[in-house]
Amino acid sequence: MSRPLPYHIYFFTGLLTCWILCTSSAHKCTVRHEVADCSHLKLTQIPEDLPTNITVLNLTHNQLRRLPPANFTRYSRLTILDGGFNSISKLEPELCQNLPWLEILNLQHNEISQLSDKTFVFCMNLTELHLMSNSIQKIQNDPFKNLKNLIKLDLSHNGLSSTKLGTQLQLENLQELLLSNNKISSLTPEELDFLGNSSLERLELSSNQIKEFSPGCFHAIGKLSGLSLNNAKLSPSLTEKLCLELSNTSIENLSLSSNQLDTISHTTFSGLKQTNLTTLDLSRSSLRVMDNDSFAWLPHLEYLSLEYNNIEHLSSRSFYGLSNLRHLNLRWSFTRQSISLTSLPKIDDFSFQWLKCLEYLNMEDNNFPSIKRNTFTGLVRLKFLSLSNSFSSLRTLTNETFLSLAGSPLLLLNLTKNKISKIQSGAFSWLGHLEVLDLGLNEIGQELTGQEWRGLDNIVEIYLSYNKYLELTTNSFTSVPSLQRLMLRRVALKNVACSPSPFRPLPNLVILDLSNNNIANVNDELLKGLEKLEILDLQHNNLARLWKHANPGGPVQFLKGLSHLRILNLGSNGFDEIPVEAFKDLRELKSIDLGMNNLNILPQSVFDNQVSLKSLSLQKNLITSVQKTVFGPAFRNLSYLDMRFNPFDCTCESIAWFVNWINSTHTNISELSNHYLCNTPPQYHGFPVMLFDVSPCKDSAPFELLFMINTNILLIFIFIVLLIHFEGWRISFYWNVSVHRVLGFKEIDRAEQFEYAAYIIHAYKDRDWVWKHFSPMEEEDHTLRFCLEERDFEAGVLKLEAIVNSIRRSRKIIFVITQNLLKDPLCKRFKVHRAVQQAIEQNLDSIILIFLEEIPDYKLNHALCLRRGMFKSHCILNWPVQKERVNAFHHKLKVALGSRNSAH
């Protein structure tokens, strides 16, 4: 008999199965639109279960050591194969044979050390080959000779000591050759002659310690348009030699950034005279001195970058010869910290006079003392001038500050971060073409009279945000009616409520920013006349009082008339009320920001006109209820909603509609699952609003009629049940009476028709009492004759028949009611029923009840279906306990017997 396996074997078998399942599920490639992404999956082999029609395969960041050609047979349509960041050490020629349409092959960051002549023999359609960051130290023979369509070859970050990549002419279509970060120390014609038929647009040799440029090295290349030698530690003399070697070449772009070019002499770029160089990058080269006429050899130059240097002096001939320069970057070019103004970098007058074609000048982040009368003289085509953080003592802008720009068609002027404190009248009067003026982030503190902007006839935007303080007047902007964008954020704005409004002269205004000014008082004419306004920023002010119904004169409708407004920001104003007509005129509004206020209950029709709203922000308010009557119109076409951090009341009345909406809409709702939480009731506190169960909250409107009908039916049913329970006997009794009336029963009350005054119904056990008390009455009054069963029933007649006949011949029927009668079966089943029937046929008071005992009404009804309420009071008698009251009882009985059988 076999022994059972130990428990730990089962345990480890289960763990192994679980690990295999988890591993297989984790190693799943993502396939979308013929692109397979298998990156970061720790793959050791090529997946074999991908669609055969994929054109892009990403295998980066795995553990591949080979790219077996057989594994790519099923993926023959691949055009891009990325195998970067693996451990591939060898490429097999058959790879491209199985991938005939391959155009881009990326094998960067692998362990490839050698390339044979056969490696790429079948890669004839390859256009890009990336082999950067491998271990290739030398290229032997001609591994790239068959790559006739190759456009880009990247061999950077290898250990190459030479630029020689082949022994014969090849790579005739190559445009980019990247050899940066290698160990190349010299450039010779023999090492570059394989490019004799190539037209290189970019030769990247940066971060190589090149110490020699052999004669004719660049002429060995068929055509060279761009050369990068950044971070090559080129000295001034080596740079001059480089330029000589570039003479008479097709060079257009030359980048020499991050070198050791501390001085540029008159001869440094002389070798470039016979070129068409258009772009020169000399940034981060520790440049201090530029001799006169240094750039005289570059008449075709259009772009010059000198940023991040330490130039001491710019003379009137520093830029001589740059007659075609269009873009000049001098950012951080003159930076040198100094306490003394005399030792600050110096710019002579007329330094830019030679730059007749200059359109863009960037002089940001420098340390100039000020602007002289002729600093920018000669810039007759300048359109963009940035002087941000450029001056150490430019405190006041006078009418002479920009005199040197009088002849320039300047469109943009950036003066931010210069500690400017005052703008004098006519300071910009020379800049009649200016469209954008940026004065932000300064220390301006003054009253704006309007003369500051005199002469800005074409101004479109004025940026004054983040200054010390600005006091407005009625005429503050009368000189700039063309203004379309006005930024006044965080300027401690004063006198905003002046009348007429300071913004009334701006009929073309499209954007107005008045945020972060603690504005507390405005009038309803503040924005009057701004019919073209599209964007209004009023956040971070104190406008809450203006919209209160308790405000003297009522809410201030300062938004009226803005029929073209599209974006409105009213966040952080302390609003706790919104007038019902606050947004009435804003029919084209696309975005409203009311976040970080104190709003709780909004008027029902406040958003009725905002049917085009796309974005609504109400975050961090006190909103508890989101109902359709308020938010329905606003949510109709909404694309973005932000109502985070509101204390939602999670009840059917408050958010049922909202929950249904957010669970069915395609609107982008920020952080819905985390920051839309219930606050009340307590059992839902902290519960996500989107998970609130609305099934008990079905809209009652469609079922209201049904509810009312059901309720009425239920109430009627309960009423009938109670009526039957308490008065059913009465209804039954009168129903029977009515039926017999309808059937034509007539009242019979003729004395001669009856033989007996009354028929006495009693229990058999009570016969002695009946005989004892009724016989003496007959003896006393001979007109009274009672029908007693023991005495008056005919012999030989059936008892039941005798009872019927006797009842019919009796004028009245007397019930002697005792406990015995209630238990007597004959009385219960026949006598009482027949007597009641007779009473109904004759009339309603032909029955007399004599109670010998106290019998509750419910017992009487239960046993005999009789109730005291069915009879007149004189027909209900109680046998007296006291003997002296017996005569009175007899008198009452005679009265009852003598009463006429009238209708009850």
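Including glycine, each Cβ sits where the backbone N, Cα and C put it.
According to Swiss-Prot, CYS652 forms a disulfide bond with CYS697, chosen from CYS678, CYS697, CYS787. The N-linked glycosylation site entry in Swiss-Prot, when matched to the candidates ASN276, ASN736, corresponds to ASN276. Per Cα geometry, LYS812 is the residue among the recorded positions ASN248, ASN292, ASN399, ASN637, LYS812 nearest to TYR759 (phosphotyrosine). Within the same chain, residues 132, 142, 148-167, 202-222, 228, 245 sit at least 6 positions outside the repeat 'LRR 6' (173-196) and bring their C-beta atoms closer than 8 Å to a C-beta of that stretch. Comparing 77-98, 250-271, 588-609 for CB pairs under 8 angstroms to the repeat 'LRR 7' (199-220), the maximum falls on 250-271.
In the three-state DSSP scheme, ASN637 (N-linked glycosylation site) is classed as coil. Residues of the domain 'TIR' (754-897) grouped by DSSP class, helix first, strand second and coil last, total 83 helix, 24 strand, 37 coil.
Spatial neighbours are here defined as Cα atoms within 10 angstroms of one another, and by that definition the neighbours of ASN248 (N-linked glycosylation site) among the glycosylation sites ASN197, ASN276, ASN292, ASN399, ASN414, ASN637 are ASN276.
Sequence-distant contacts of the repeat 'LRR 11' (300-321) (same chain, at least 6 residues past either end, Cβ-Cβ under 8 Å): 257, 275-290, 292-294, 327-336, 345-355, 362. Contacts of ASN197 (N-linked glycosylation site) defined by a Cβ separation under 8 A and a same-chain sequence distance of 6+ are given as LEU169, GLN170, GLU172, GLY222, in order along the sequence. Taking ASN58, ASN125, LYS812 as the recorded positions under consideration, the smallest Cα distance to ASN637 (N-linked glycosylation site) is found for ASN58. Listed in sequence order, MET690 are the same-chain residues six or more apart from ASN663 (N-linked glycosylation site) with CB atoms under 8 A from its CB. Using Cα positions, the member of the recorded positions ASN53, ASN292, ASN399, ASN668, LYS812 nearest to ASN414 (N-linked glycosylation site) is identified as ASN399.
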